[in-house]
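S.K.: To start, I am sharing the structure in question, which I have written as structure tokens.
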Amino acid sequence: KREKHNGKRRNGDRQENKRENQRRKRSSKSVQGIREESQSKTERRERSRRRKGKAEHETSGHEGNKRERDQTRAKSTKSKKNIKNEKTRKLEGKEDGEAQEKSEKGKLKLVCTKNEEKIESGDQLKEKEKALGVKKKKKRRKKVVETSSEPETSEDGDDEEEVNNDGEVRPELLSPEELEKLKEAVDEKKKLIQSLRGKPWPMKQKLVTLRESQLFVEKYEGALGKGKGRKLYAYKVMMTKKWMKFQRDFENFKTACIPWEMKIKEIESHFGSSVASYFIFLRWMYGINMILFSLTFGLVMVPEALMGRPYGSIPRKTVPRAEEAGAMDFAVLWDFGGYAQYSVLFYGYYNNQRAIGWFKFRMPLSYFLVGVGTVAYSYMVVIRTMARNANESGIGDDNSFNFSWKMFTSWDYLIGNPETADNKFASITTSFKEAILEEQESRKDDNIHLTRFLRVLANFLVLCCLAGSGYLIYFVVRRSQKFALDGLENHTWWERNEVNMVMSLLGMFCPMLFDVISTLENYHPRVALQWQLGRIFALFLGNLYTFIIALMDAINLKRKEEKVVKYNITMWEATLYNGTGSENSTAPPITIHPADVPRGPCWETMVGQEFVRLIISDTMTTYITLLIGDFLRAVLVRFLNHCWCWDLEAGFPSYSEFDVSGNVLGLIFNQGMIWMGAFYAPCLPALNLLRLHVSMYLQCWAVMCCNVPQERVFKASGSNNFYMAMLLVILFLSTLPAIYTIVTIPPSFDCGPFSGKNRMFDVIQETLESDFPAWFSKVFSYASNPGLVLPFILLMVLAIYYLQSTSKSYKEANVELKKKLQMQNEENKKKNKQAALKAQMDLEEAKKSASQTAEHQRNNNDSVQRQEGENAKIYMTR
Amino acid sequence: MTLLIKCMHLPFSFSSRMVSPAIALAFLPLLLTLIIRYRYYFVLFYRAVLVRIWKDCVTGLSREERAFQYVLTNSTPGDPDSILDAFDYWCSKVEFISNIGPKKGKILDRLLMEQSPLTVLELGAHCGYSTVRIARALPLGARLYSIEMDQGNAAIAEKIIRLAGFDDDTVELIVNPSDEVIPRLRSDYNLERLDFVFMDHWKKCYLPDLQLLEGYGLLGKGSMIVADNVLFPGAPKFLRYLRKCGLYEWKIHRATLEYSRGIRDGMAELIYQGIK
């Protein structure tokens with residue numbers, strides 16, 4: 001109702017304005033017109049000022065002063081008219097006719113206003129500007145109200161026209177002198193905008209002034225030009241605005257094109273950047289795996305499937321007779337046996353035929369090069385990313401200006417959730433408290449021994465835990481070897497899967513224990529996260545290497561078996577051919593179904609299978625923990641809370657927090673296993689891609705649905721490179737065993753692309769000899785001789801040393817420059833302080849003198865004194 | 001440690017065909033984590049429930065009576081400070097009673113000093129600790145109405161209050177459930193406006209009682225309400241209401257649970273702003 005009333009009043013206002021406009025048009029190009037207009041302007045200014053005062057409850061002291069000053073002056077100079085205005089304004093809402101009357105009165109007052117203008121010559125312009133700015137604002141508001149309450153398009157148009165009139169008609173009507181003045185005013189405003197930052201005003205006032213002067217400049221800058229210039233200017237402004245809008249839209253489009261960007265942003269806004277950093281890392285990993293996958297899929301699996309010999313053509317591509325019965329069972333397939341084992345998914349399926357298909361695809365060579373290429377590519381990407389991150393993050397130092405950093409940079413501006421903001425607020429306050437306490441304690445210097453002791457103790461406990469878990473895994477692996485010797489069929493499912501189970505369980509629970517232990521240490525959460533990462537890293541590494549050692553043992557067993565099988569096969573073949581040969585030497589050789597041919601235990605396929613199984617079980621554990629540990633817990637907490645004796649949500653079980661360190665390490669180790677196993681199981685990158693894709697969605701959902709923000713939300717931009725460093729280490733550690741097996745162990749004799757060769761890398765030599773011209777192999781052999789290689793390596797080492805030393809010197813120079821900057825800043829501060837003090841002194845003196853003169857004059861004349869004093873006051877306040 | 005491992009071993013050694021001991025051992029870190037992480041809760045459970053049941057059986061007295069006996073023998077009559085000290089000692093060293101405790105009590109004292117209210121309402125006197133604490137900090141001429149539902153507790157609270165030297169003019173104990181008393185406050189006790197309300201009774205009653213106070217117009221602009229234990233055991237509905245309704249300017253003083261170091265708790269401080 002109130003709104004409607006407002007609208008009505010404004011309607012009245014508008015009508016009056018329209019009438020005025022009409023009047024203006026009628027009497028345009030005459031001096032009268034100018035005067036009238038200025039009159040109406042002053043009138044409106046008054047009104048707008050009052051409205052502004054009404055609308056803005058909070059006005060800073062300075063502004064209040066100014067308004068007061070304005071009002072006092074208005075009272076002194078044109079109190080009569082003011083009163084009338086006020087009266088009319090009061091009645092305005094009720095009667096429309098009253099408005100007309102007022103305008104009539106305004107007309108009568110024309111002469112009066114003319115005088116006024118002479119009096120307020122200098123200040124008038126400024127006042128007008130301000131009033132204009134305000135008026136424009138008012139009009140906008142009016143328009144909004146109008147469109148919301150009662151949409152009248154015709155009136156709207158009128159309104160706009162009026163605005164245009166204000167902007168366009170005016171400058172043409174002005175005399176050259178006034179134009180000059182306007183130009184000056186525009187320049188002044190521009191200067192003001194530029195120097196606004198340095199002004200010692202309160203922020204609110206700065207904002208108001210900035211907005212007003214910007215509006216003013218925008219309005220009159222173009223209007224100052226004549227005819228064409230103005231249009232061109234308007235066109236330019238419009239185009240720049242459109243261009244800016246287009247740019248913004250384009251940026252939005254670009255962000256929308258980045259996969260999962262919006263999801264990650266949402267998570268970031270709820271959980272802070274540390275959780276988001278995990279998801280960004282996951283996305284990055286997804287990208288890398290995409291490339292690994294396309295390499296193996298496009299250059300190994302697809303050519304073999306399309307152009308290689310079909311399934312069932314040779315023994316290595318056929319399921320053996322003994323396994324045929326259960327080869328399609330789900331249990332077998334789930335274990336990657338049966339048909340899954342004898343397919344392009346594993347090493348053993350590939351044939352050692354040099355070239356396949358109609359365009360002579362070099363299959364073994366491609367297999368080898370892809371295996372090397374994936375690892376090389378990963379090294380390249382990881383190192384490049386690390387270098388880039390180091391450039392970004394290597395600038396700040398954390399030790400100096402501890403409190404100012406906390407003061408000005410601790411807020412995470414990406415948070416968009418009230419709960420997280422609450423947590424962040426609490427964490428900032430606690431961090432301040434802690435920092436103050438730390439500062440005090442560092443001065444006291446007595447508690448440091450206790451902290452040190454606790455830290456040592458914590459590390460000792462963690463080491464114990466690591467040793468215990470290592471021993472447990474060792475024990476389990478030993479036992480499983482015993483079981484394997486006995487024959488797996490005699491044992492239960494639990495015993496067969498003991499190793500995987502124990503590894504997953506330890507990998508799940510030990511980090512929790514570390515987390516609990518790390519509360520002893522009392523580190524900053526960022527540091528604590530790194531320690532935690534380091535510890536879990538050690539744990540996982542131990543687990544992984546135990547696994548690899550067990551695998552090595554298995555490989556040796558298989559190779560022994562292989563020797564026996566090889567001997568048996570030659571015997572078998574001999575008996576076969578002898579048998580046939582003795583009967584009839586001319587008869588065609590008996591065709592034996594490939595499934596019946598005896599074959600060796602292909603250790604490469606076994607290794608590949610183990611890795612695939614490990615990945616699958618790992619993925620399953622992750623998802624099941626997610627569902628049980630997070631989702632089920634959240635559901636229980638949420639719905640049992642209605643009928644429980646304490647607050648489950650805020651108290652004891654509560655919702656789980658997102659475990660950044662554990663998830664990051666899970667991801668990194670998963671990747672390590674991919675790198676290790678991808679050579680023997682080309683399907684691994686594909687599986688990993690699938691897993692990453694699913695976990696992206698699943699974890700995004702789980703985080704948003706069942707986790708709560710950490711209590712200590714902190715920024716984690718620095719730890720990104722830490723992830724990368726760990727990834728690099730894992731990459732190195734995971735390529736070691738792969739390279740070891742490739743270089744030292746001869747490939748199986750009857751399966752895989754390298755069967756029949758002494759070593760796997762012989763394939764390169766073979767290609768060089770047969771596919772390249774003779775001179776090339778000669779050059780290669782020269783190039784690979786130690787006499788050339790060693791100097792080259794030496795040169796590289798020298799180059800690295802040189803680059804490192806130069807970067808060190810740059811760093812030092814940087815530190816020096818920083819110091820210089822600091823010094824300069826301090827000096828500037830001192831100078832500024834002195835200047836400010838001086839200004840204060842001057843001001844005080846001026847005040848004294850002003851008051852003295854005022855007193856002096858008061859004695860002389862009462863009436864004159866009042867005005868003068870007020871003038872002085874006005875001067876002072878300005 | 002070793003004992004625990006043995007304990008873990010025992011049940012599984014019988015059924016070793018089912019689950020191997022190694023898998024069971026892998027659960028050991030989880031168990032340790034749970035024990036370490038929630039140790040304060042276990043301790044609290046032991047002190048607040050097990051010890052209480054045991055002592056109830058042995059002495060035949062209720063917990064509050066035992067506390068009163070101790071306070072009677074170990075404090076100076078007429079001195080509120082010594083009574084509070086005796087209570088604190090008993091609650092932290094001997095048994096557990098969920099009083100407001102010394103740390104949160106200090107916050108309460110500060111708020112009372114700042115506010116210096118003339119009419120104070122306390123919901124849930126229990127055995128009089130918080131009543132004495134509030135009465136001690138009141139200015140001259142102020143009056144405290146304390147509501148307690150339980151007869152036995154109220155009798156003990158009465159004795160404690162008198163022991164501390166506060167007479168009927170300062171502290172008035174009302175033995176009735178809070179939701180019956182609040183509607184009658186205006187008529188029976190001639191209360192126009194409450195300056196300060198302290199809530200420490202059933203956590204589930206926080207919200208209904210607050211709404212009752214609002215409904216009967218007992219809160220004026222600037223009245224302060226302090227609610228204890230809003231995080232543990234916790235009053236989630238109360239907090240949710242505060243977030244939504246917008247009638248109050250409020251904040252939570254974070255502290256730990258009384259007489260226990262590791263359990264987080266908070267005291268909500270509300271200032272009634274009225275409808276804007």
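Cβ atoms are placed via backbone N, Cα and C, with glycine included.
Feature table excerpt (TrEMBL):
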COMPBIAS  A:10-20  compositional bias 'Basic and acidic residues'
COMPBIAS  A:34-46  compositional bias 'Basic and acidic residues'
COMPBIAS  A:55-73  compositional bias 'Basic and acidic residues'
COMPBIAS  A:83-107  compositional bias 'Basic and acidic residues'
COMPBIAS  A:114-132  compositional bias 'Basic and acidic residues'
COMPBIAS  A:133-143  compositional bias 'Basic residues'
COMPBIAS  A:152-165  compositional bias 'Acidic residues'
COMPBIAS  A:855-871  compositional bias 'Basic and acidic residues'
DOMAIN    A:602-717  domain 'TMC'
REGION    A:1-177  region 'Disordered'
REGION    A:825-878  region 'Disordered'
TRANSMEM  A:286-307  transmembrane segment
TRANSMEM  A:327-349  transmembrane segment
TRANSMEM  A:361-382  transmembrane segment
TRANSMEM  A:456-477  transmembrane segment
TRANSMEM  A:498-517  transmembrane segment
TRANSMEM  A:537-557  transmembrane segment
TRANSMEM  A:722-743  transmembrane segment
TRANSMEM  A:779-803  transmembrane segment
S.K.: When you scan the chain for residues with a C-beta under 8 Å from the transmembrane segment (A:498-517), skipping those not six or more beyond its ends, what do you find?
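M.R.: Sequence-distant neighbours of the transmembrane segment (A:498-517): 458, 461-462, 465-466, 469, 472-473, 476-477, 479-480, 532, 535-536, 539-540, 543, 547, 550, 613-614, 617-618, 621, 625, 659, 661-662, 665-666.
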S.K.: I need to check the long-range neighbours of the transmembrane segment (A:327-349): which residues 6 or more away from its ends have a CB within less than 8 Å of a CB in the stretch?
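M.R.: Non-local partners: 300-301, 304-305, 311, 316-319, 602, 604-605, 608-609, 612-613, 679-683, 748, 751-753.
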S.K.: Same chain, outside the transmembrane segment (A:286-307) by at least 6, Cβ under 8 Å from its Cβ: which residues?
M.R.: 344-345, 349-350, 356-358, 361, 363, 366-367, 369-370, 373-374, 377-378, 381, 671, 674, 678, 682-683, 685-686, 688-689, 692-693, 696
S.K.: Can you break down the domain 'TMC' (A:602-717) into helix, strand and coil residue counts using DSSP?
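M.R.: Summed over the domain 'TMC' (A:602-717), the classes give 83 helix, 4 strand, 29 coil.
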